[in-house]
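Copied over from TrEMBL:
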type	residues	note
TRANSMEM	21-43	transmembrane segment
TRANSMEM	76-93	transmembrane segment
DOMAIN	82-347	domain 'Integral membrane protein YccS N-terminal'
TRANSMEM	99-117	transmembrane segment
TRANSMEM	124-141	transmembrane segment
TRANSMEM	147-170	transmembrane segment
TRANSMEM	407-424	transmembrane segment
DOMAIN	418-539	domain 'Integral membrane bound transporter'
TRANSMEM	454-470	transmembrane segment
TRANSMEM	476-492	transmembrane segment
Amino acid sequence: MTLFSKIKSGSAKDLLQFFKSTSFSKAILVGIAITVPIIFGIWSDRFEIGLALCFGAFWSSPSDVSGSYRHKKNGILLSAFLAMVVSFIGGYLRLFSPLLLVPVLGILVFAISIIAVYGFRASLISFSGLLALVLSFAHTVETIEVYQYALLIGLGGLWYLVLSTLLYRLNPKAQTEEIMSEAFLLTAEYLETRSELLRPLVDRKKLQSEILKLQSALTEKHETLREILIQSRTRSGKSNYQGKRLLVFVELIDILETAMANPVQYDKMDALFEEHPEYVQSFQNLVSEIAKQLKGIGEAGQDSRRYPSNAKLSKSFEVVRRQIESFNGDESRTDYRQYLILQNLFEYQEKQFEKLKQIKWLLGNPDSKAIDFIDRDISKRFIVHQDYDPKILWRNLSLKSTIFKHALRLAVTVMIGYVLGILFDFQNPYWILLTIIVIMRPSYGLTKSRTKDRIIGTLVGGGIASGLVFMIQDPYVYGGLGIASLVIALSMVQKNYKASATFITLSVVFVYAIIKPNVLTVIQFRILDTLIGALLSFLALRFLWPAWSFLEIRTTVESSIKANRAFLNCIAIFYENKGKVSTNYRISRKEAFLETSNLSSAFQRMAQEPKSKQKNLDKIGILKYVYSAE
């Protein structure tokens, strides 16, 4: 196969995976949810009703993310309710004088943003409310009353919930299979990267950094899988499918832990492999084959017929086994510790192989009577429920809270952006506000990267749109391209924000090309408003109550030390008593992994901040490497 053929084959495979992903399915769902009401409004000559339903559906969609169905449903309902209330208030804000409107706008932005103290899904609900608030400036209700418009917003949210529920009922396993597949692929990449550490001349510091990033990504996937598998199983009763996937999930975690619990003494390993370089390739082939097996399972999904055979892996084990036996039988060998290093490394890989075979057996649809399922009451102990105590909100009303500072910063920046838009008579000042709420995040690094991606995406999208508008003059084509661009943008927003920003710009321009003849002016203002919003966001994060990571790293380090100490105690108890691995052991392991991941994420955030704010970065780096057991 030629290089071009391989690239073409890989691209086609990636494209197929993209179209099969839940991100694309959800984007199609959102496209249907907002298009149908608009078509209904135009057809029935009730455009404002259709527009309100469209907005309600769109603003309810952000909280429709991976997790249990119950959490998704509640998130969509709360988003719809918040959007309805905010739209009702926003509908009357235009009656205020600018002097009164600006502070009210700031108070509303702060009140909506502070909701994020209740976790990730709450932050998405908050984002829906901010979208509703900002876009209430984009449209003046004319043919219906404001309260009717607000109620229709809520109805639009219910319309989206119906569609989302229908999609879930049609394919309830899609979310589980996709995240499970991603966990397999990340675990395979983790093992493959670890195998590179065996080479004596590689940049180990760089590889260890990549390993820590993979651990953080895996921990995130593990948390999502726990919520889906355990909560769904708890509420729906006994499910063989969920039970088997839960056992597969446990084996995947065990593979990760076994890898982390077998650190390599690189000085001794380098000396051994320098003397016997043939062992490097043999062990690398062994680890790489295990990684390939995991990758093959992840790509095959539910089709067990496509799982890779164990024949090649068994052959790799036999090659290494013979080499170790030959090495042990060499009478000229003087250092017995070298044999122990090889034997321990080999036994560690054998443990991984056993877990791999167990995974294949579980996914091969065995008789349920032969499976020892995990007790539901035990599995529930692994889920951490979000606390919605009002005291949490009260405790966060302080400059010590990152979310409080973010809400305050966002409120002030939105007020400044709105004042600038009014003073300089921008065509669409709400675009500045929209850019601010989309770009600005609590952390410096993420805001910086989103600012850059948003600017590049808007410029590229504006350039492409200008060329297409010159070549195409058909409003129906504009409509089709606008919907297609929006679907692609929504499906890529989590994985490639730069590309998403490009397609969002294309979608906006095509919509305006239908309703306004001077579309090039629209493109110019779109780019200008984006640049102003991005600049304000970046300056605000730099100078308005900045939340530098070094101010909070102590708490993160303490939590990590506490969790890892508890895990080490459980390990000591396990080796003292032997027997089966206890539930307490697995729970403490989960907490240790989670806190180590939090420490790694904090380190990465600090590394993205200005050099002057990277205090004790080297010490924290050493600590996280120690925790990773590398």
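Here the Cβ of each residue, glycine as well, is placed from N, Cα and C on the backbone.
Unlike curated records, TrEMBL annotations are generated automatically.
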For the transmembrane segment (76-93), sequence-distant contacts whose Cβ falls under 8 Å of one of its Cβ atoms, 6 or more beyond its ends: 55-56, 59-64, 101, 104-105, 108, 112, 124-126, 128-129, 131-133, 136-137, 141, 146-147, 149-151, 153-154, 156-158, 160-161, 164
For the transmembrane segment (99-117), sequence-distant contacts whose Cβ falls under 8 Å of one of its Cβ atoms, 6 or more beyond its ends: 82, 86, 89, 93, 123, 125-126, 129-130, 133, 392-393, 396-397, 401, 403-404, 406-408, 410-412, 414-415, 418-419, 437
Same-chain residue ranges lying at least 6 outside the transmembrane segment (21-43) that approach it to Cβ under 8 Å: 49-54, 57-58, 61, 64, 66, 156, 159-160, 163-164, 167, 174-175, 178, 483, 486-492, 494-495
Intrachain residues whose Cβ lies under 8 Å of the transmembrane segment (476-492), provided they are six or more past its termini: 18, 21, 23-24, 26-28, 30-31, 34-35, 61, 468, 499-504, 506-507, 510-511, 513-514
DSSP-derived helix, strand and coil totals, residue by residue, for the domain 'Integral membrane bound transporter' (418-539): 102 helix, 0 strand, 20 coil
